[in-house]
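Under the heading FAD binding site, TrEMBL lists ALA33, LEU62, LEU104, TRP438, GLY445, ILE446, ILE447. The feature NADP(+) binding site is assigned by TrEMBL to ARG261, ARG262, GLU273, GLY445.
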Amino acid sequence: MMLQARSWLSRARRFSTVSNNPLRVCVVGSGPAGFYTAEKTLKAHQGAQVDIIDRLPTPFGLVRSGVAPDHPETKAKKLQQIVINQFSRVAQHERCSFFGNVTLGSSISLSDLRELYHVVVLAYGSESDRALGIPGEDLMGIHSAREFVWWYNGHPDCRNLDPDLKSTDTAVILGQIRHGPEYGTSGMRDQISTLIKMEQICKFHSDTTAWEVTPLEGNVALDVARILLRPTSELATTDIASHVLTALEESSIRKVYLVGRRGPAQAACTTKELREVLGIKNLYVNIKEADFVKTPADEEEMKNNRIQRRVYELLSKAAASGSSQPSSGQRELHFVFFRKPDSFLESDERSGLVSGVHVEKTVLKGVGPGKQIAVGTGEFEDLDCGMVLKSIGYKSVPVNGLPFDHNKGVVPNIRGRVVTDPSGDPTQVETGLYVCGWLKRGPTGIIATNLYCAEETVASISEDLERGVLKSTSSLPKAGREGLLRLLDDRNVRPLSFNAWEKIDSEEKSLGSLRNKPREKLTTWEDLLKAAAMK
């Protein structure tokens, strides 16, 4: 599949040479999937004009708002800067433009974009959350882990989240997973799974550069637990938002339960992520040794997965070496395996506030070679707490005029071509409309996953041009960038260029230098727009 994709990309270069009527492409979303799509399109189509739009004033998606701030010198942070530099070069390409502060659905509609551009690629990711669908889920004190991550990373949408960290000493984090469902594009699965199963550091070679790749989208549950339990003195010199640092300094949280449906043999994290949380200073770690009884099915699951075996060994060692009780003043992390939430409990003292999680004990049931699922046993227990964070997966949100598979949470597609029918009927393709990233395959993967995903989508665009599925630019010229800017001006929408982002970037770094931090993120729309307007 990837060789075929590269073949189409190579042949495509002769279909969009520089002309008065260039191929006009709009990419919606400026995270990794969006930027890789733009980069691959610029290379494949030498005369193409590519515009990237995003609802935020700031580009880079989860590369900016999803990476845990507490290890600025780690390879993850170094990779973050490498990726930002690479994406910045794309945005500054002479045939590419970035327009922030442009929201699909309100600033401009999907039908508007399809009128203005020959090709529209949707790569706006997953900006909502899956629901558990159990009683009490709307109680105060329950948040999604995505919201919490956006809060501590200074995302303007969550500036006012204000989780109550003072009224309780215990938090429960539900979910020991990464992000979501299995890969949605089966043709890519074998190619990508090799990358995902690698160690925390893996070698990746693109056609223009060679560099080390560390997963940026790691285990959200462990990230959140680490931020809650790490001494705030170690966070003070990171780029964590200042209002969050203040809240953590005043936090009463001393105990965190990390709850998972399955067992330690199925823990979805890397050894590095696990060592980071186990290595927190003066932390009491509790794991029941009884959870480490391996079954033949567990052995089968771990047999061909070295990382999973090492994670299991680390957890087992932590369980065996830990003390039986925490000492005075220690913060506590409790790994709770083989439990699934059944309902949330309401406080007797404060109406509408969560006071605990009613969980059901589970056992594993084999559903195929090397695969087990958790099923309830009918035995229940309560975990008392005053705050719950749900790390159960992200969810994409549809817009008007976009086919959407609500069960899978993705746009139905065939190798990136949007189709009307969720069953994937190839005769019902939405001409000129494509998809990439989490919106295409579900919320999973590492940075390199998005590169391969973009390569496949751009190859489909090239194939459609060659086969005449997309009308030629000479027979059907489009207004593209000029038409977009006219339409936004008519609607009093002020798009922000990449130069405006550079002003925000400069201001954040300047403010950070005053506090011995790499940057001080601007966390409100007002402050971001003000910085963008600076001369």
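Backbone N, Cα and C atoms are what each Cβ position is placed from, and that goes for glycine too.
Heads up, TrEMBL stuff is auto-annotated, nobody curated it.
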(message) Could you check which of the binding-site residues LEU62, TRP438, GLY445, ILE447 is the closest Cα neighbour of ARG262 (NADP(+) binding site)?
(response) GLY445
(request) Would you count the other CB atoms within 10 A of the CB of LEU62 (FAD binding site), including those on all shown protein chains? (result) 23
(request) Only counting partners 6 or more residues apart, tell me which same-chain residues put their Cβ under 8 Å from the Cβ of ALA33 (FAD binding site). (result) GLY61, ALA123, GLY125, CYS436, GLY437, TRP438, LEU439, LYS440, ASN450, CYS453, ALA454
(message) When you rank LEU62, LEU104, GLY445, ILE446, ILE447 by Cα distance to ARG261 (NADP(+) binding site), which of the binding-site residues ends up on top as the closest?
(response) GLY445
(message) The record lists ALA33, LEU62, LEU104, TRP438, GLY445, ILE446, ILE447 as binding FAD. What's the largest Cα to Cα distance among them, in Å, rounded to a whole number?
(response) 25
(request) Using only the Cα atoms of ARG261, ARG262, GLU273, GLY445, which the record gives as binding NADP(+), return the largest interatomic distance in Å, rounded to a whole number. (result) 21
(request) Could you round the CA separation between LEU62 (FAD binding site) and GLU273 (NADP(+) binding site) to a whole angstrom and send it over? (result) 18
(request) Count the other Cβ atoms sitting within 10 Å of the Cβ of ARG261 (NADP(+) binding site), across every protein chain shown. (result) 23
